[in-house]
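Have a look at the structure below, then the notes.
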Ligand SMILES: Nc1ncnc2c1ncn2[C@@H]1O[C@H](COP(=O)(O)OP(=O)(O)OP(=O)(O)O)[C@@H](O)[C@H]1O
């Protein structure tokens, strides 16, 4: 067991080591100089390029330690990931423990079997040697199956945990308008995509890894302690366990920065991904502006920030790795020798009476077990490292979970523009009633707390189209965000039809992933459309009304699947949105400058159809041509005042 190191201490070896160390020192000092100058440049670029919304926030200290709070948080998350005591997840946990026990037992069996083979060999007993070798050979497939059973159970558990977490969080995220509110009303979470995809996965990986890394060593330690205690007495294993406890405490304290480093790493990864995805989304606009160099500087600033952090993290991990190695590997061996020597030196357990061969056999069998005990202790201490990293992911996922819960309860948190007041949420009264929209002293306030209109009162009955106009930034879209329940109702009383009877067509047309049919029936699926009794010939009629029938021939029918946001022109997308409106035929429709790219004659026929179909329109538009389709006009002056009156002959018409 004892390695003989002195044989390596030769003069030639000393020269080689000294030369290697000098070369290493020269290379590392050169690269340090280069890194310093490149870091200076990248830091300068970074300071010039301000790109993330969070940079407005006060820097907060990240707390992600293995402490009481971590325990509370992880229990909360595990309750989601493991739905109950009789769930399949518990089954997998038991299966993992079972396969770990079997693996440890297999290891012990292999130790004994090899000792028996060696003993037969030393005794020159050919028959016994062949028999033991055969027994060993026969047992090999079984041992291999046991080892891979562990792989299967850990893999399955990981998938199960991820599925449960993802289902739960998406359920919350895509409930009502939470996904909208997370980015528009609350600014605690910046890159929800990173959290929902990567961080959840890493959290589940961390949990599974930690469970395996601790269960196996725990079981190993229990089994080996029992065996060693019976073979060599209490002193030997007790010394090792004492060592485990002490080194665990020291390392947990030294590793404290791992959690916060992980949180920052994931945040920076999220920022970097977000900036990259923006380039993909807005490739055409950037290309027309030839904005590649500007985009490159932004993306590189984000990348450099990430790399600087990763480098800092790497230095910390390397340093910790050195300490970990010393404590968990080399010093553990040192302690192992002392523990093993105890019964031999003191002569306890009758070893002084035993013969040379018996002492040798005891040494090999127990020595191997002690090595494995040392390894198990080392692994347990190293599992602490995974735990500190898991603390980082736990902070990220729990923050997402808490923000989702808050948003679903109507609670928002936002860093306010200096000087603005905190926004109180949902203090107004919402009444659902068919065929009427009535604002009664409703304040129009932005999520930043800026009051656009102190109190708005107006009543729109079915059949009375309203044109909404006013300068940019007056609050036209904001008014509809409150009507559409995206923004909170802060006061007064709002009467409106239920959500499904009010349809909103935004300034930027949205096309979903899917077929041409899906674009018209969005957000309803094909099955829902069929259930409603909608046929393809009806859909063709809607396309004809907006003069898009040619798309059917061009794209290959209603089932054609394309990236419609890319394939269709601006005007075509707006016309599809109108066809969508005809399909849904709501009581009221809000048209927020959604026909700006549509030609006048098509616009004319679209408004005519809405009138015939009994869809009441609230239109935001700067086009004079639309006045004739409306009975009332709401004018917001941009300074906090408004007028709401019927459109009369000879009235001054705003717009172009
Ligand atoms: N999510 C938001 N958070 C904070 N402020 C916002 C938000 N959305 C809009 N605002 C602000 O509210 C004000 C009104 O915006 P709104 O979009 O309602 O204007 P609008 O009258 O529709 O303008 P336009 O004619 O340019 O579309 C603007 O000053 C805008 O900056």
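Cβ from N, Cα, C; glycine included.
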Per TrEMBL record, range annotated transmembrane segment [choices 90-112, 159-181, 182-204]: 90-112
Candidate ranges 12-28, 29-45 [criterion: TrEMBL lists as transmembrane segment]: 12-28
Residues of the parent chain within Cβ reach of the transmembrane segment (133-150), under 8 Å, 6 or more residues beyond its termini: 95-96, 99-100, 102-103, 106, 109-110, 113-114, 117, 212
